[in-house]
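Peer 1: Supplied in structure tokens, the structure appears directly below.
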């Protein structure tokens with residue numbers, strides 16, 4: 001039996017029904033729903049909307065909307081008859097549910113006031129892939145030497161003599177140290193003029209040593225002077241030092257095609273063959289390792305790794321350079337034959 005009690009000056013309590021205090025709970029939920037229905041949010045303005053993808057089921061698109069209001073109300077949730085009502089902070093959420101024209105629900109990005117949506121992200125430049133021994137910490141001079149000179153075919157005798165001297169210096173110095181003092185090398189050896197270096201006498205060598213201008217040991221300096229004298233003899237025999245060097249590879253650069261730096265050798269049978277021939281002709285400090293370094297830097301062999309961008313560039317220039325060099329070699333041979341062969345008038349005078 002339900003009993004109702006009233007006390008003067010006190011609030012009226014709900015009569016206990018068979019379902020307990022259910023009547024009071026339903027009344028509270030109804031008032032909350034009325035309050036929520038009255039709070040109307042301002043409309044959101046759509047900035048950009050990507051068109052639906054062709055062939056996609058429903059053509060879903062993601063819209064970028066601008067939030068034009070801010071709310072400080074906290075999340076409030078309560079359950080009623082198995083349903084849940086939630087009040088969510090508008091600025092606290094990073095994404096909202098937006099329904100496109102096809103009725104497909106997709107999350108949309110919330111852009112604060114004053115921010116602009118970027119339609120296309122800028123492209124990030126891809127770093128150039130070089131040989132493994134060139135790292136981001138390598139000196140710029142060494143990197144430029146790798147990108148512009150190393151393994152580029154050389155046919156000029158003065159340039160080849162310079163590279164041979166620098167390769168001999170590798171026994172005492174490193175490539176970065178040699179390149180940083182390259183101008184000093186050129187002044188020291190008269191821009192690698194063969195005729196001038198071949199005339200260096202004992203007094204010149206001693207003056208270089210006394211003035212502290214020497215970059216190499218005394219045996220290396222004497223070897224460079226002696227090699228310059230032997231190069232002049234090779235020029236007389238083969239027409240040029242270039243013809244002598246390139247004839248060992250049939251005037252075509254060798255391509256190693258290594259993928260990893262650990263595969264690059266320090267010497268090869270070809271370098272051993274050239275080293276023996278140079279020593280037989282009186283050259284000094286031209287071991288197989290030094291000769292192979294000379295072959296690499298002079299472009300006689302292309303030891304750029306296949307993953308390096310310079311491998312293909314050096315290979316593309318092989319045919320052009322080889323054709324030009326063969327033409328020069330044939331012209332030089334014809335000139336030498338014309339000079340050495342006596343003509344008819346000389347035979348008649350004889």
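Note: Cβ is positioned from N, Cα and C throughout, glycine not excepted.
Below are the features listed in TrEMBL for this protein:
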| type | residues | note |
| --- | --- | --- |
| BINDING | 131, 146, 304, 308 | Zn(2+) binding site |
| COMPBIAS | 1-13 | compositional bias 'Polar residues' |
| COMPBIAS | 24-44 | compositional bias 'Basic and acidic residues' |
| REGION | 1-60 | region 'Disordered' |
Peer 1: Drop a 10 Å sphere on every Cβ of the binding-site residues 146, 304 and tell me which sphere holds the fewest other Cβ atoms.
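Peer 2: Among the binding-site residues 146, 304, the sparsest Cβ neighbourhood within 10 Å belongs to 146.
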Peer 1: What other residues of this chain sit with their CB within 8 A of the center of the CB atoms of 131, 146, 304, 308, the recorded Zn(2+) site?
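Peer 2: Residues close to the Zn(2+) site, other than 131, 146, 304, 308: 130, 133, 134, 150, 151, 305, 309, 310, 311.
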Peer 1: Tally every other Cβ atom lying within 10 Å of the Cβ atom of residue 131 (Zn(2+) binding site).
Peer 2: 20
Peer 1: Near residue 308 (Zn(2+) binding site), how many other Cβ atoms are within 10 Å of its Cβ?
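Peer 2: Result for residue 308 (Zn(2+) binding site): 22 neighbouring Cβ atoms inside 10 Å.
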